[in-house]
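Asks: Here it is: the structure, laid out below.
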Amino acid sequence: MHSQADSRPGLHAAIIMDGNGRWATRRGLPRAAGHRRGVEAIRRTAEACPDLGIGTLTLYAFSSDNWQRPADEVGGLMRLLRAYLRNETARLARTGTRLSVIGRRDRLPEGIPEAIERAEAATEAGDRLHLRIAVDYSARDAIIAAAQRLQGADTSRDAFGRAVAGEMHGSPVNVDLLIRTGGEKRLSDFLLWEAAYAELHFTERMWPDFGETDLAAAVTEFARRDRRFGALAPAKVSAAA
Ligand code: FPP
């Protein structure tokens, strides 16, 4: 079973939102147009979660490696983030969505950390969905930071897992279902600790086209999987006895 108990109800789904650039390029549009359409896909996907039994959704919006992209693309993504926080907060609060941003904040452009804090405070009471957006996020860095923070104090799996997941955000430690859009099949330094027993779902769909039907298909496939967390299925346990 889970080595760390998660108290939050519902599944924890996480998505690597890939394919914005290719979606745009195939249409003769600038990559920024793909990222803009990606924001609409975030809204559609988040709003579909509660009815599909998803209580927490973690989205990979900007990895720590994404700083290496051209400055105008990075600037465009940061502008989108700023606009998202400004324009979506009221809607998030109305739909019972609590927003948290995970990842480093000290390298974000001026004003964004404060905008994040305002959006988190304004949506704090949301109890239908916990939407976590990963910005300047690296799973390896999160694991190193947890190790440094604990300094050997309590490095049991439970305590360490909570430190990695960032217990200050009341975040569940385990990811149940990890989805990657855009056809690639890799984890790209996303939630490496939390996804230890996640079911993986890869889809060719480009992120700007992703929506409720795709999410429902992933959840249906997830429900068919036989999750054993390294143990044997009950029938096999009695057969082995
Ligand atoms: C990957 O597509 C996507 C990203 C690096 C950014 C994801 C960002 C958004 C969906 C919008 C901004 C988010 C917020 C919260 C405002 P890619 O550009 O790597 O696509 P490609 O593999 O086709 O080039």
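Using N, Cα and C of the backbone, Cβ positions are placed for all residues, glycine too.
Feature table excerpt (TrEMBL):
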- D18, E199: Mg(2+) binding site (BINDING)
- D18: active site (ACT_SITE)
- 19-23, R31, H35, 63-65, W67, R69, R180, 186-188: substrate binding site (BINDING)
- N66: active site, proton acceptor (ACT_SITE)
Asks: Out of G21, S64, W67, R180, L187, E199, which binding-site residues have CB atoms lying under 6 Å from ligand 1?
Replies: G21
Asks: Among the recorded positions D18, N66, E199, report those whose Cα falls within 10 Å of that of R180 (substrate binding site); none is a fine answer.
Replies: D18
Asks: Give the number of CB atoms, excluding that of R180 (substrate binding site) itself, located within 10 Å of its CB.
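Replies: If we count other Cβ atoms within 10 Å of R180 (substrate binding site), we arrive at 23.
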Asks: Out of these recorded positions, S64, N66, which one has the fewest other C-beta atoms within 10 Å of its own C-beta?
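Replies: So among S64, N66, the recorded positions given, the one with the fewest Cβ atoms within 10 Å is N66.
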Asks: In the structure shown, with every protein chain counted, which of the binding-site residues D18, E199 has the densest set of Cβ atoms within 10 angstroms of its Cβ?
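Replies: Of the binding-site residues D18, E199, the most buried by Cβ count within 10 Å is D18.
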Asks: Return the member of D18, N66, E199 nearest to H35 (substrate binding site) in space, with distance defined Cα to Cα and candidates limited to these recorded positions.
Replies: D18
Asks: Return the residues near G21 (substrate binding site), defined as same-chain residues 6+ apart in sequence whose C-beta is under 8 angstroms from its C-beta, sorted by sequence, else 'none'.
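Replies: Non-local contacts for G21 (substrate binding site): R31, G34.
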Asks: Which entry in the list of binding-site residues, G19, L187, has its Cβ near the fewest other Cβ atoms, using 10 Å as the limit?
Replies: L187
Asks: To the nearest Å, how far is the Cα of G19 (substrate binding site) from the Cα of E199 (Mg(2+) binding site)?
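Replies: E199 (Mg(2+) binding site) has its Cα 21 Å from the Cα of G19 (substrate binding site).
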Asks: Round to the nearest Å and give the CA-to-CA distance linking W67 (substrate binding site) with D18 (Mg(2+) binding site).
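Replies: Approximately 16 Å lies between the Cα of W67 (substrate binding site) and that of D18 (Mg(2+) binding site).
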Asks: Residues with Cβ closer than 8 Å to the Cβ of W23 (substrate binding site), same chain and 6+ apart in sequence?
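Replies: Those within reach of W23 (substrate binding site), by Cβ under 8 Å and sequence separation of 6 or more, are G34, R37, M206, W207, P208, D209.
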Asks: Taking just the CA atoms, what is the gap between D18 (Mg(2+) binding site) and N66 (active site, proton acceptor) in Å?
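Replies: With distance taken Cα to Cα, N66 (active site, proton acceptor) is 12 Å from D18 (Mg(2+) binding site).
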